[in-house]
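Let me begin by presenting the structure, written as structure tokens, before commenting on it.
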Amino acid sequence: MAKRIEVKGLDIYYDKFLAVQGVTMTIEPRSVTALIGPSGCGKSTFLRTLNRMHELVPKARVEGKVLMDEQDLYGAGVDPVGVRRHIGMVFQRPNPFPTMSIYDNVAAGLKLNNKRIKKADLDALVERSLRSANLWEEVKDRLPKPGSGLSGGQQQRLCIARAIAVAPDVLLMDEPCSALDPISTQAIEDLITELKEQYTIVIVTHNMQQAQRVSDVTGFFNLKAIGEPGGLVEIDTTTKIFTNPANQSTEDYVSGRFG
Amino acid sequence: MSTETTLDKTPPPPDVLPPVPLSRGSLPRGAAPGVLLAFVVVAAALWQLADANPAVCGIGAALGYSVVIYAWSRAVEGPRGAFDRLVTAIVSSAFVLALLPLVSVLTTVVDRGLERFDSEFFNNSMLGVVNEGGGASHAVTGTLIITGIAALMSVPIGMMTAIYLIEYGRGRLARYITFFVDVMTGIPSIVAGLFVYALFELFYGPGIRMGFMGSVALSVLMIPVVVRSTEEMLKLVPNELREASYALAVPKWRTILKVVLPTAIAGIATGVTLAIARVIGETAPLLITVGITRGDNFDPFNERMATLSVYSYTQYQNAPGFAREAFVDRAWAAALTLILIVMALNLVARLIARLFAPKTRS
């Protein structure tokens with residue numbers, strides 16, 4: 001199930017513009033890795049390269065290596081669709097499919113791919129996914145209702161249920177709580193802690209308390225200077241990053257002296 | 001230079017706006033409707049009693065109302081209130097002016113069309129009819145067949161073009177297609193008719209007429225409309241939904257088929273229905289490519305067919321000196337039928353939009 005990801009010397013481009021330069025890091029399985037840093041430093045861009053969503057932007061490309069259990073995700077003959085089957089993603093804004101019911105949204109990963117599966121098995125899968133996303137109790141009586149009728153926090157948990165229903169090895173989360181209130185945030189953070197038992201989780205967040213609460217390892221991204229590409233400044237255990245970072249700019253950022 | 005002085009002491013803000021009193025005078029309630037009513041009554045009286053031109057009377061009433069209400073309001077309410085009243089009057093007059101021809105067309109067609117809007121009209125063709133009686137059953141069926149085939153051809157082509165342009169098209173080819181689609185929306189319908197005639201003449205020789213040619217001509221007119229409306233609807237589908245689908249390892253074509261299209265289908269269906277409504281009343285291209293018959297011909301690949309628009313035209317055009325009324329009445333009844341079909345299509349479009357629209361609440 002959970003897999004290790006190794007990133008080696010990754011340069012990320014938008015056409016000719018070098019957005020992120022020289023990222024090298026290892027993401028351990030069954031752990032939560034948080035990526036923090038100021039806006040525009042390339043955290044989300046980097047996250048999207050991990051499941052090859054980055055190349056959906058016209059002319060976007062990468063150089064370097066991303067290895068998932070020794071296999072290069074950007075190697076010749078690797079199918080991006082296959083990569084995404086192993087690495088799921090949750091987005092900043094909840095985006096349930098508006099034409100589908102709550103049930104269909106959770107089953108979307110299978111239904112959209114025309115996987116033939118017995119009704120009973122699908123029911124079980126939907127229930128299991130919703131339970132893992134802490135949403136089952138709230139929606140079990142209205143599964144056939146549209147998913148877009150849920151509250152923002154519920155929608156985001158629905159999106160997480162949808163992402164884990166296809167049983168990925170790695171789960172990427174791009175600021176999953178930035179549009180949510182503290183209670184929904186709490187629910188999703190608890191969920192991340194539970195999911196850690198089975199998945200490799202990478203989360204981008206602007207909330208440093210959140211990074212401290214949920215993550216085991218934290219990576220700090222920053223721009224080298226205004227107009228220069230962004231890059232990974234340092235990555236270490238969360239405790240170390242927040243108490244005794246090796247780099248001065250990390251220290252400034254996590255203590256709020258960043259300017 | 002002057003920066004130093006401003007640094008030293010900031011000048012007080014210039015007195016651009018005069019102080020505004022919190023309260024001001026206002027016209028008595030019912031003043032505006034009263035003035036309007038007075039002018040309408042005067043205009044109506046001039047029209048009915050003095051036999052003046054109704055259009056001139058109407059415009060005169062609108063002008064008179066605007067001037068009087070402006071002057072009165074300026075005296076009581078001040079310049080801003082007066083300007084507000086004036087612009088309100090102008091905008092409302094423009095609205096009424098725009099509506100007048102529409103209402104006039106509708107009432108005329110209903111009024112004159114009802115004369116022959118009877119069961120005989122819908123159960124008979126013109127076979128063997130020399131003056132009174134007869135009907136347009138053959139033309140109604142012909143219109144439905146020809147427009148139906150046109151829709152069957154244009155909707156898939158148009159939708160697929162739009163999908164290509166929005167989901168796949170990048171670079172020069174897509175830009176050219178977009179440009180030519182825009183050009184095509186503007187071609188006169190007669191050009192489409194001549195083009196199709198010239199095309200079929202190559203294969204079948206001069207004088208060729210058949211229903212299918214009419215369908216092709218209507219398709220030429222319809223495809224750009226379908227492309228444009230589908231394009232606009234696909235643009236409205238949030239990119240986040242596509243990304244959500246890709247992130248679930250759904251291939252692009254399946255994403256388009258199962259996420260993008262269902263989300264946009266309400267708008268697309270409306271656009272398609274309106275495109276059909278747009279071409280169903282075309283006359284010129286059908287006159288050239290399909291012609292007209294007196295009796296039934298429901299084979300679109302063989303010989304001439306009757307259509308409502310051409311039927312209406314020929315009835316009016318070929319009305320003889322005697323029993324002229326019967327021909328003109330049939331022309332109006334055909335026009336009314338056409339309008340009712342278009343209206344029904346519009347209602348269907350609204351119904352489709354409501355049925356397919358993504359539901360947020362249950």
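Including glycine, each Cβ sits where the backbone N, Cα and C put it.
Annotation comment: TrEMBL describes B:10-21 as compositional bias 'Pro residues'.
Per TrEMBL, the feature domain 'ABC transmembrane type-1' maps to B:140-349.
Under the heading region 'Disordered', TrEMBL lists B:1-22.
According to TrEMBL, the transmembrane segment annotation covers B:30-47 (among others).
The transmembrane segment annotation in TrEMBL covers B:53-73 (among others).
Residues annotated as transmembrane segment in TrEMBL: B:85-110 (among others).
As annotated by TrEMBL, transmembrane segment applies to B:144-165 (among others). Residues 174, 177-178, 181, 211-212, 214-216, 218-219, 222-228, 230-231, 234, 256, 261, 268, 272, 275-276, 279-280, 286, 290, 298, 300, 305, 307 of the same chain sit 6 or more residues outside the transmembrane segment (B:144-165) yet have a Cβ under 8 Å from a Cβ within it.
What TrEMBL lists as transmembrane segment is B:177-200 (among others). Residues 161, 164-165, 169, 208, 210, 213-214, 216-218, 220-221, 223-225, 227-228, 282-289 of the same chain sit 6 or more residues outside the transmembrane segment (B:177-200) yet have a Cβ under 8 Å from a Cβ within it.
Residues or ranges marked as transmembrane segment in TrEMBL: B:206-227 (among others). Through the fold, the transmembrane segment (B:206-227) approaches residues 142, 145-147, 149-151, 153-155, 157-159, 161-162, 165, 181-182, 184-185, 187, 189, 192-193, 195-197, 199-200, 271-272, 274-276, 278-279, 282, 285-286, 288-291, 297, 299-305, 307 of its own chain, all at least 6 residues removed from its boundaries and within a Cβ separation under 8 Å.
What TrEMBL lists as transmembrane segment is B:259-280 (among others).
Here the transmembrane segment (B:331-353) has Cβ contacts under 8 Å with residues 106, 109-110, 112-117, 121, 136, 139-140, 143, 266-267, 269-270, 273-274, 276-277, 280-281, 308-309, 311-313, 315-316, 319 of the same chain, all six or more residues outside its ends. Among the features that TrEMBL reports, transmembrane segment is placed at B:331-353 (among others).
Recorded stretches compared: B:30-47, B:53-73, B:259-280; the one with the most Cβ pairs under 8 Å to the transmembrane segment (B:85-110) is B:53-73.
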